[in-house]
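Before any comments, here is the structure.
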Amino acid sequence: MNKDEIKNLTALEAESELEWLAKEIARHDVLYNRDDQPEISDAEYDALRRRNAEIEALFPELIRSDSPSHKIGAPVSEKFEKSVHAQAMLSLDNAFSSEDICEFIVRIRRFLRLPATQILEMTAEPKIDGLSLSLRYEKGRLVCAATRGDGYIGENVTANARTISDIPKVLRGEFPDIIEVRGEVYMRRENFQALNMSQQEKGKFVFANPRNAAAGSLRQLDPRITASRKLHFFAYACGEVSETFAASQMEMMKKLKEYGFFINPLTKSFKTLEEIISYYHDIEECRHSLSYDIDGIVYKVNDLKLQMRLGFVSRSPRWAVAHKFPAEKAMALLEGIDIQVGRTGALTPVARLAPITIGGVVVTNASLHNEDYIKGIGHKGESIREGRDIRVGDTVIVQRAGDVIPQIVDIIAEKRPKGASAFVFPHLCPACGSHAVREVGESVRRCTGGLICPAQAIERIRHFVSRNAFDIEGLGKKQVEFFFHIQDEALCIHTPADIFTLQRRQEKALVRLENMEGFGTVSVRKLYNAINMRRKVPLSRFLFALGIRHIGEVNARRLAHAYQNYTAFETVAMAATMPYDKVGEEGNEAWLELTNIEGIGPQVGEAIIDFYQEAHNREVLAALLREVTPLDEENVMTASSPIAGKTIVFTGTLARMSRDEAKALAERLGAKTSGSLSKKTDLLVAGSAVGSKLAKAQGLGVEVIDEEAWLQLIEGSYI
């Protein structure tokens with residue numbers, strides 16, 4: 001959508017577009033910042049943010065409370081302790097042309113009211129494509145290392161950071177009592193290639209690029225793994241400091257080097273726009289000769305007092321900007337289209353290319369995104385590439401942007417061979433043969449064989465045993481992978497039922513489990529006890545554990561409350577499939593009954609139908625139900641509940657229960673829960689280490705209580 005198209009939007013269209021953008025950008029923030037698994041290139045992500053900003057500029061009255069313009073990064077993972085940043089760890093605004101940089105400098109001069117004759121000195125440094133890290137030193141000793149997280153709360157990765165040789169454990173020379181040093185953790189290309197070769201030889205996960213490898217390596221639960229990954233660190237700024245120790249950005253860098261940090265040797269200062277742009281082009285030209293990936297240049301006002309005067313906007317400093325490199329392109333022959341099945345069942349087309357070199361990297365595969373993209377249709381149903389589809393045998397234009405997975409952006413129509421036929425996207429999963437369905441409004445086709453599909457199996461079993469599902473202690477990620485890959489059929493776990501037959505089957509094992517490395521008599525006994533304790537679970541947990549698309553904890557509880565027992569639910573789910581096979585009153589009534597439950601609409605109903613229509617899933621379910629019993633759901637009376645009908649938001653860390661447990665409890669007592677604050681919020685329950693929600697709640701006039709008051713409020717209302 002270009003600027004002219006944005007200007008023609010109605011208020012209703014703009015509101016719908018902003019809602020979609022908020023959700024889409026938030027999803028990609030989590031994929032990039034928390035999961036280290038980006039689906040789109042930096043250029044595509046930047047385009048989404050630009051579109052959001054342009055629509056907000058035209059319709060300021062429609063700016064949402066969850067607008068991406070106000071957010072940084074993504075929420076932290078539950079795997080790590082949280083660490084509150086003493087000074088917010090913001091991201092940078094992006095620029096894409098010399099004109100953008102000129103405007104950036106003009107804005108600074110205007111804000112500071114600088115006369116045209118006054119020189120504005122700027123620093124320039126390569127923008128390292130890695131993971132931002134904040135290092136806190138007290139009395140010269142490293143006491144905390146934290147990732148950016150959402151900009152206010154990060155993940156405490158101190159133990160892992162200590163294994164990186166570039167990060168000093170004790171500072172040298174004279175330094176402030178308290179100093180937070182910000183910088184970038186990265187992996188050199190040669191180390192990245194060696195790591196991937198090692199991963200491949202061991203049959204383990206292969207990283208898409210050095211940035212993902214660095215982020216994944218730093219965020220390991222075992223510091224020994226981080227230590228083995230050869231990570232590096234460049235310092236580029238400071239957060240909180242107890243005393244001033246430099247007058248300029250360049251002096252700060254010099255001091256940090258004296259303290260023992262590595263500073264990028266390409267960092268320089270300039271006095272004119274022409275010098276800055278010349279530096280940008282020089283670095284762009286030689287970027288592939290560097291030992292690490294960069295995706296642009298960062299410019300900063302050199303004078304630290306001017307930085308203080310300029311301050312910040314909602315998610316970035318006024319005194320700095322990232323000048324991004326353009327995407328690199330090349331032509332290639334499309335030799336084939338392969339379909340990969342992801343851990344969530346999504347069928348993703350991948351282009352097989354005749355080898356080409358883009359930016360010094362040999363490319364043989366490229367992303368084709370989804371079924372519509374191949375046909376020449378965009379995410380909103382609009383025509384892309386002037387409606388040209390992509391066919392095997394085409395000469396295609398491949399783009400590599402931000403050092404993420406390359407993608408095909410267009411074809412050379414005149415080079416299409418005669419007889420090239422349109423690509424037919426499969427309707428059956430290539431991994432298990434189950435039906436692959438595409439929901440209305442979705443661009444992705446997904447495998448419905450969730451409980452049987454080998455491509456999804458490990459992730460499905462991990463979900464099945466997770467804390468909010470069957471909650472089986474002793475079956476973590478490593479154990480699930482061990483039992484899935486083991487060659488002995490007497491010990492393998494490929495379906496949920498296999499978990500509950502393991503103890504019986506192991507009698508026929510070639511080697512008993514307690515005699516294997518990593519296990520022992522005590523740990524095996526504990527594992528079997530944990531499994532047997534979960535042979536009876538509440539219906540809501542059972543439904544959630546099945547991993548049916550759109551059936552999260554909330555919808556699982558809704559269905560459990562509506563049907564009370566599994567037999568009643570299964571009867572309706574099976575009956576609702578009947579309209580697919582025959583037209584009948586029973587089927588139609590079952591469909592209406594299912595989809596008229598509050599919060600359960602056609603989209604969720606279709607997901608349930610798809611799941612129960614698949615014979616593979618019914619077979620796996622039947623085997624599971626021979627081993628476990630879903631307990632009937634008890635009605636929860638909410639008439640006397642003090643929070644019935646109220647909208648509640650939870651923030652911070654709760655001591656007596658997890659936030660998920662608190663939300664579930666509130667909903668059982670008749671309240672609605674939300675992840676974001678608005679004027680409709682009745683109550684904010686604040687734990688420790690709260691972020692920005694507290695101030696926002698006070699601004700909106702929302703009542704705020706702590707965890708103790710929350711427990712007193714609901715005392716006697718639940719068992």
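Residue 1 is the first one shown; counting continues down the chain.
Every residue gets a Cβ built from N, Cα and C, even glycine.
Record features, source Swiss-Prot:
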ACT_SITE  K127  active site, N6-AMP-lysine intermediate
BINDING   D42, A43, E44, Y45, D46, S91, L92, E125, R148, E184, K300, K324  NAD(+) binding site
BINDING   C429, C432, C447, C453  Zn(2+) binding site
DOMAIN    638-719  domain 'BRCT'
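Shown on the structure are the features that Swiss-Prot records.
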{"residue": "E44", "record": "NAD(+) binding site", "Cβ neighbours (10 Å)": "18"}
{"residue": "D46", "record": "NAD(+) binding site", "Cβ neighbours (10 Å)": "17"}
{"residue": "L92", "record": "NAD(+) binding site", "Cβ neighbours (10 Å)": "18"}
{"residue": "K127", "record": "active site, N6-AMP-lysine intermediate", "Cβ neighbours (10 Å)": "22"}
{"residue": "R148", "record": "NAD(+) binding site", "Cβ neighbours (10 Å)": "24"}
{"residue": "K300", "record": "NAD(+) binding site", "Cβ neighbours (10 Å)": "24"}
{"residue": "C429", "record": "Zn(2+) binding site", "Cβ neighbours (10 Å)": "26"}
{"residue": "C432", "record": "Zn(2+) binding site", "Cβ neighbours (10 Å)": "22"}
{"residue": "C447", "record": "Zn(2+) binding site", "Cβ neighbours (10 Å)": "27"}
{"residue": "C453", "record": "Zn(2+) binding site", "Cβ neighbours (10 Å)": "23"}
Rounded Cα-Cα span from L92 (NAD(+) binding site) to C447 (Zn(2+) binding site), Å: 39
Cα-nearest neighbour of C432 (Zn(2+) binding site) within the listed recorded positions, E44, D46, K127, R148, K300: E44
Pairwise Cα distance for D46 (NAD(+) binding site)/C453 (Zn(2+) binding site) [Å, integer]: 35
Residue pair C429 (Zn(2+) binding site), E44 (NAD(+) binding site) - Cα distance, angstrom, rounded: 28
DSSP three-state assignment (helix, strand or coil) for L92 (NAD(+) binding site): coil
8 Å Cβ shell about C429, C432, C447, C453 centroid, Zn(2+) site members excluded: V341, G345, P430, A431, G433, S434, A436, T448, G449, G450, I452, P454, A455, Q456
Collapsed DSSP category at D46 (NAD(+) binding site): helix
Residue counts (helix, strand, coil, in that order) that DSSP gives for the domain 'BRCT' (638-719): 26 helix, 18 strand, 38 coil
Rounded distance in angstrom between the Cα atoms of C453 (Zn(2+) binding site) and E44 (NAD(+) binding site): 31
Integer mean pLDDT for the domain 'BRCT' (638-719): 79
Integer Cα-Cα distance in angstrom, K127 (active site, N6-AMP-lysine intermediate) to K300 (NAD(+) binding site): 12
